[in-house]
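Features as listed in Swiss-Prot:
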type	residues	note
ACT_SITE	51	active site, proton acceptor
ACT_SITE	78	active site, proton acceptor
ACT_SITE	199	active site, proton donor
BINDING	15, 26, 200, 221, 222	3-amino-2-oxopropyl phosphate binding site
BINDING	17, 18, 53, 58, 108	1-deoxy-D-xylulose 5-phosphate binding site
SITE	159	site 'Transition state stabilizer'
């Protein structure tokens, strides 16, 4: 099988949040989101995205601090607009910070940031991050007013929320939501913004979004983590069995993954 990983065509940001979710579910130190990030880079990821939520439900402060100096690509840190999060971002200095809305009761980010309604707060956050040498992105709905507000508050990048497209239940609804995203891309470019997109994208719905020439980067996480369960599962089972058999026979099974 041939994988096309042409650099510069469209960037893939791998979100490692749900590797941390799996780790935290049992209170273990594995799977290690740092290792997941580094392996994603080896596999062709153009950047690593992670969301430090206020409740630390998946990614933890220590993850962000440990990962930042190890990345060969870019870190895209997602966070809410709180002074605590802005100060952490300015301390760690990822290449990119994507400001997102956040509610503790939500399972995942449910919508875009209301830049127009919170203009002063968003603008102030953009200035603080920019002063620390961090490129700022705003996670917003594909709405003309929000896109205009994002440009006005000084953010050079927007990430369009594709959740409504991903959750569409009928062909007509899908077409409407796709057009909304496509129009949002065009509007962002007219305002001189770099346009990224993400949320809810997976292996069978990403193609139309990725085909939009104006999109620079897609950030995808849960779908990749979920798919890895299946495409890597048989190898994981075989290796565990081989380790067990080797231990029973008193032979050595090297960490490289092949029996001695």
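Even glycines carry a Cβ here, placed using N, Cα and C.
Sequence features, as recorded in Swiss-Prot, placed on the structure.
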| residue | record | DSSP (3 states) |
| --- | --- | --- |
| 15 | 3-amino-2-oxopropyl phosphate binding site | strand |
| 26 | 3-amino-2-oxopropyl phosphate binding site | coil |
| 51 | active site, proton acceptor | strand |
| 58 | 1-deoxy-D-xylulose 5-phosphate binding site | coil |
| 78 | active site, proton acceptor | strand |
| 159 | site 'Transition state stabilizer' | strand |
| 200 | 3-amino-2-oxopropyl phosphate binding site | coil |
| 221 | 3-amino-2-oxopropyl phosphate binding site | coil |
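Comparing the recorded positions 17, 78, 159 on other C-beta atoms within 10 angstroms of each C-beta gives the minimum for 17. Across the binding-site residues listed here (26, 53, 58, 222), the residue whose Cβ sits among the most other Cβ atoms within 10 Å is 58. Counting every protein chain shown, the number of other Cβ atoms lying within 10 Å of the Cβ of residue 199 (active site, proton donor) is 26. Ranking the binding-site residues 200, 221 by C-beta neighbours within 10 Å puts 221 at the top.
If you measure from the Cα atom of residue 78 (active site, proton acceptor) to that of residue 51 (active site, proton acceptor), you get 4 Å.
The number of other CB atoms found within 10 A of the CB of residue 18 (1-deoxy-D-xylulose 5-phosphate binding site), across every protein chain shown, is 20.
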